[in-house]
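Participant: Per TrEMBL, FMN binding site is recorded for A:THR103, A:TYR157, A:SER214. The domain 'Luciferase-like' annotation in TrEMBL covers A:28-383.
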Amino acid sequence: MSPTSPTPPPRKQIHLAAHFPGVNNTTVWADPGSGSHIAFPSFAHLARTAERGLFDFFFLAEGLRLREHKGRIHDLDVVGRPESLTVLSALAAVTERLGLAATVSATFNEPYELARRLASLDHLSGGRAAWNVVTTSDAFTGENFRRGGYLDRADRYTRAAEFVATARELWDSWTADGQPRPIAHQGEHFTVRGEFTVPRSPQGHPVVIQAGDSPEGREFAASAADVIFTRHSGAEAGRAFYADVKGRLARYGRRPGDLKIMPGVTFVLGDTAAEAQEHAAEIRRRQVSPQQALLALEQVWGVDLSAYDPDGPLPDIDPDPHGELAQGRVRIADPKAVADKWRALSRAKGLSIRETVIETTGRQSFVGTAQDVAARMDAFVQTDAADGFILVPHLTPGGLDPFVDRVVPLLQERGVFRTAYSGSTLRSHLGLPEPARTGGRGGRP
Amino acid sequence: MSAPRPPLRLAVALDAPPGSGAPVPYDARHFVALARLAERGGLDFVTLGDSFARPGLDASAVLARVAPATEHLGLVPTVTTTHTEPFHVSTAVATLDWVSRGRAGWAVAVSTTEADAALFGRRPAAPPAEVWQEAGEVADVVARLWDSWEDDAEIRDRASGRFIDRDKVHHVDFTGSSFTVRGPSIVPRPPQGRPVTLVEVPPAAGPADAPGAGDTADVSDRAVREVAAAHADVALVRADDPQTAGAALAELLARARALGRDPDLLLVLASLPVELAGPADAAGLAELLADWYAAGAADGFHLRPADPAHDLALLVDGTVPALRDRGLRRPGRPGGTLRDHLGLPRPASRYAHA
């Protein structure tokens, strides 16, 4: 190399995580290769595959209430799942390096108990725990809990922010020489007095993940999260989101590298581009059965549409703006606008109900050969549309295997993904520093 | 001629007694090593104590970590019901049953201290009788949530596109004195149907209408025994002699019968502290247990070693073989689940149509 040739800038390293799929129609349970969504070997398989692929972490969503439709329990999708922290504690026994992330609501838990359970997982895994902080919006879910119903949007986020701050006070409350210091937290939502029973873990304390896209969510992530789990899997939207969220960090004295942005993405691989497209179309058809298509329509229209033919045209009637068929799902803000858009699409392309739903709800982020997918993921990350990806396979438990076998080696060849774990904690995988001990009361000078 | 008695049930506590001065373990290896030792000894289950204000890890997380590292051993963490959500308690224990393939139980406990209450800041400490009454309601709703999915609710019927048969998934609509739960559970019915429920009861067993029954202590003791008689699969009784243990057993079974329960479905284990200096002590303990068992004092024993790391090895290598020699412990295991080990049947879901 000549001494005058410029050194190319180092390539950004991609972070990868695996989401255990379930509980929505993207999971193709009718596939002959589909296994249990509950039995432990399914979780162990996906986690071991992710660890074989040198992923940063394994991610579990949370369910607190079965969804209902027309007043009855929703029966078309995978339903039912185990409790996250218990599954992850068990997975700590069958993995060595993989981070273990649990989604747990800040609305229906209390800081002391949850901080203790998370700290326990962090110790039992040798510093691999993460908490995906979510809030819960509805009184429907609240019916399973002591505190019952509902917090409005603003209160949910102030409660979540105070929850995380309180958990960190507890996690940070032991001195460097291993003594607990009493905490006395008095806030708007919580009063916590006493000593925490768990010392700091090998990674300081659990990694905090935030999922959500509202302005409140972005601000909360910028102030308090280590990782943000987004839905922006398109490059342009991804770059806008990335710039916005990273731009908010300085206000909290944080640097851009302190928060990793990871969209949830799907992938479909084929030996040729055409084969991958064909396979992707087949998966979308399986995700939207005739029954699923009518259900998706009813969720927009808010009325019973069971008399319609899924292979026929969309209804002429307008949605009922007060229709409340579905519970436990995010409400559609403007049903009439969505219905008009769907009808226009259906007319323009001559699509049936089922075809329209497939067209509008199919979310497949990376479709192509392994080479294509590796190149596009790399470009996505190098152009600051994300720091990495949370992969959501269509199939449980083997859906991640092809990615690890075929795409990971190509990312390694490109020099953008690790060839071995360099550390043993989740913070070390993410390149996050061990958090400083906050607070000075009783601390060492 | 009466039927032969089942082998005596044998369990051990993995946690050192509070105040023993032993260092508090935070490393998974410590618990895995102890559990594997207990498993080698063929014990039916281990318990791990817990409370919010005492140093240590969450017991149910620890035993979930232990589950894949063991194959046969029953795993019973203490789970408190006072400052926790009944729905979360139900799903965590059900999940422990899933990850251990049917080896989970839980020991119902309450928080009565101001120190615990201050860690939550949600409500003040309440008297034992009150929190035990609530604990009974929690045990009730937890079991209903376990039953809320019938065993064959997941159907994966491709023709109709239905993943579950929703007629086999039920709201529980439970209303207690301090909470309500709509249900159903988010976790499908666990492998044992219902994981094993343990309650530790106080030894004194005075008649309910005896003089002094109005004392706070008696009222709260009675509340604990009501919970055990109504909801426990296994009751643990701390007693210093076989007469006291036997009296507690008789009283518990009488209460269970009065509540309409089959008394064969409630096992009573005597919970004994043990401290073993050497193999002779271990053999002596076997003799003592055999004598108590012969006297009908208990269906088995829950041993609480002063130093689990030390005493457990002596129990496994000394006491258990001596019990086997007397024909009081079988060499193998009758089945895979904790209920199988204990000789307790797998209950049907109360919501299942006949």
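Quick reminder: no glycine exception, Cβ is built from N, Cα and C everywhere.
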Participant: Listed FMN-binding residues A:THR103, A:TYR157, A:SER214 - what's their greatest C-alpha to C-alpha distance in Å?
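Facilitator: Binding-site diameter by Cα atoms for FMN: 18 Å.
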Participant: Other Cβ atoms within 10 Å is the metric here; tell me which of the binding-site residues A:THR103, A:SER214 scores highest.
Facilitator: A:THR103
Participant: I'd like the Cβ neighbour count for A:TYR157 (FMN binding site), meaning other Cβ atoms within 10 Å of its Cβ, all protein chains included.
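Facilitator: For A:TYR157 (FMN binding site), the 10 Å Cβ neighbour count is 20.
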Participant: Can you work out the mean pLDDT of the predicted model over the domain 'Luciferase-like' (A:28-383)?
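Facilitator: Averaging the confidence scores along the domain 'Luciferase-like' (A:28-383) gives 92.
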Participant: Could you tell me which three-state DSSP class A:SER214 (FMN binding site) falls into?
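Facilitator: Coil, per DSSP.
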